[in-house]
């Protein structure tokens, strides 16, 4: 599982170029790093300049695994520091990592999504086999109340969005960096129009409740242009989840 996760992380970074949003200067190879997430060395800096041509031996693979696990721990710690206390801040969803600047379509979900899954895997590894079987949703026959789909979309798909002041802004498709331009990608989650819950939420007693699966939105930071042609980074709303809404049926 560790090697599989490392392969996913390597492929994730391989399709992405980084560049800091906090500074005007672009460092390194023009990659975009988000606040709270540190940039780390390449595989060459971990295993030496010729590691890629030699291939990974068992010792280098173990060293690489240890290095990535250390990076994962740092990223999770930083995410907890950047993410505000959700109980005291209603705008906590603004800090989700659903935006990426890349030269091509990302091959994986956002990195922090993968980190959370890997963290859950590590937690599950400490359970007994019997507890793991009992906690596995698939073994318990669990189903989602609403069917949803998640995918990367570009500014060409979105075109416009609503910012925090309620105004409509134009989402810029490309972001200039020192060595060219990168596209903005947004990881959106919405209700599946082709799913089995388009007529109502799953598992709801239709005799007493009216139910509907609805797409909800959260704020993410993106490069936009307002009606006065002013370009800047603003928080905009994108689709981030599919939830079930209920209304009680009135007696006839």
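Yeah, the Cβs are placed from backbone N, Cα and C, and that goes for glycine too.
Note that this is a predicted model, so its numbers are computed, not measured.
Taking Swiss-Prot as the reference, the stretch among 23-42, 43-62, 63-82 described by the feature region 'Disordered' is residues 43-62. Comparing residue 191 (disulfide bond) with residue 244 (disulfide bond), their Cα atoms are 10 Å apart once rounded. Rounded to a whole number, the C-alpha distance linking residue 242 (disulfide bond) with residue 146 (disulfide bond) is 7 angstrom. Fewest Cβ neighbours within 10 Å among the disulfide-bonded residues 146, 213, 244: this applies to 244.
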